[in-house]
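Heads up: the structure comes next, in structure tokens.
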Amino acid sequence: MVSHSELRNLFCSADAVCFDVDSTVIQEEGIDELAKFCGVEDAVSEMTRQAMGGAVPFKAALTQRLALIQPSREQVQRLLAEHPPHLTPGIRELVSRLQERNVQVFLISGGFRSIVEHVASKLNIPSTNVFANRLKFYFNGEYAGFDETQPTAESGGKGKVIKLLKEKFHFKKIVMVGDGATDMEACPPADAFIGFGGNVIRQQVKDNAEWYITDFVELLGALEE
């Protein structure tokens with residue numbers, strides 16, 4: 001068991017910090033917003049709830065939800081133009097502070113790369129530091145499925161990405177920050193996990209995370225000490 005003060009020290013000395021995106025870096029769940037935009041909100045948000053609670057394997061839940069939504073390329077582009085995701089208060093300052101300290105910041109999401117890259121651009125995070133699912137479209141722009149080879153398409157995918165980052169960049173300390181069970185499961189291989197409940201509180205995470213925050217100000221404060 002790592003003590004709270006050890007966790008704080010680990011966060012402050014990390015050479016990489018990985019953030020979940022939906023309900024962590026942004027206030028919304030991207031897939032639910034896409035479903036709402038495409039007119040199938042209720043059915044899809046119930047599936048998301050089950051997936052986040054760990055009741056359904058991630059890839060199966062993603063396949064089912066996308067089969068309902070059937071988003072076209074144009075719908076995704078219009079969603080970003082008309083209803084762009086809202087950054088969670090404090091995240092811009094936190095990411096900026098980490099980058100000033102030469103900490104690598106990554107976004108690891110079970111959501112969609114087109115949405116996550118839009119978020120990354122707002123935070124000055126290079127697209128090479130984004131790991132998310134890729135939607136596939138036919139040449140006419142209609143939905144053609146998703147890239148099932150991406151690690152983020154699987155249960156345990158976030159842990160696979162972190163393992164890959166350690167192998168590639170030889171990071172000594174990686175911290176994962178997120179709201180969901182899939183984020184908590186990424187530690188290990190992450191060296192520490194910080195639960196985030198600023199947008200939605202998932203009881204399983206709140207009960208089991210050694211360090212649980214509801215405001216990014218707390219992490220900013222730890223860096224300033």
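Yeah, the Cβs are placed from backbone N, Cα and C, and that goes for glycine too.
Note on ASP20 (active site, nucleophile): other Cβ atoms within 10 Å of its Cβ, all shown chains, come to 24. Annotated active site, nucleophile per Swiss-Prot: ASP20, in sequence order.
The active site, proton donor annotation in Swiss-Prot covers ASP22 and rests on similarity to another entry. According to DSSP, ASP22 (active site, proton donor) sits within a helical segment. Note on ASP22 (active site, proton donor): other Cβ atoms within 10 Å of its Cβ, all shown chains, come to 29.
Spatially close to GLY111 (L-serine binding site) yet at least six residues away along the chain are VAL21, ASP22, GLU29, GLY30, ILE31, ALA132, ASN133, judged by Cβ distances under 8 angstroms. Taken residue by residue with DSSP, GLY111 (L-serine binding site) is part of a strand. The L-serine binding site annotation in Swiss-Prot covers ASP20, VAL21, ASP22, SER109, GLY110, GLY111, LYS158 and is backed by similarity to another entry.
As annotated by Swiss-Prot, Mg(2+) binding site applies to ASP20, ASP22, ASP179.
For MET52, SER109, GLY110, GLY111, LYS158, THR182, the entry in Swiss-Prot reads O-phospho-L-serine binding site. Sequence-distant neighbours of LYS158 (L-serine binding site) (same chain, 6+ residues apart, CB-CB distance under 8 A): CYS18, ASP20, ILE108, GLY110, PRO151, THR152, MET176, GLY178, THR182, ASP183, GLU185, ALA186.
Residues or ranges marked as phosphate binding site in Swiss-Prot: GLY53, THR182. Cβ neighbour count for THR182 (O-phospho-L-serine binding site) (all protein chains, 10 Å cutoff from its Cβ): 24. THR182 (O-phospho-L-serine binding site) falls within a helix when secondary structure is assigned with DSSP.
Summarising the annotation, Swiss-Prot assigns N-acetylmethionine to MET1 and lists similarity to another entry as the type of evidence.
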Given the L-serine site residues ASP20, VAL21, ASP22, SER109, GLY110, GLY111, LYS158, which other residues of that chain have a Cβ within 8 Å of the mean position of their Cβ atoms, reported in sequence order?
THR24, GLY30, LEU107, ILE108, VAL116, ALA132, THR152, GLY178, GLY180, THR182
Per DSSP, three-state class assigned to LYS158 (L-serine binding site):
helix
Here are some binding-site residues: VAL21, GLY110. Which one has the most Cβ atoms within 10 Å of its Cβ?
GLY110
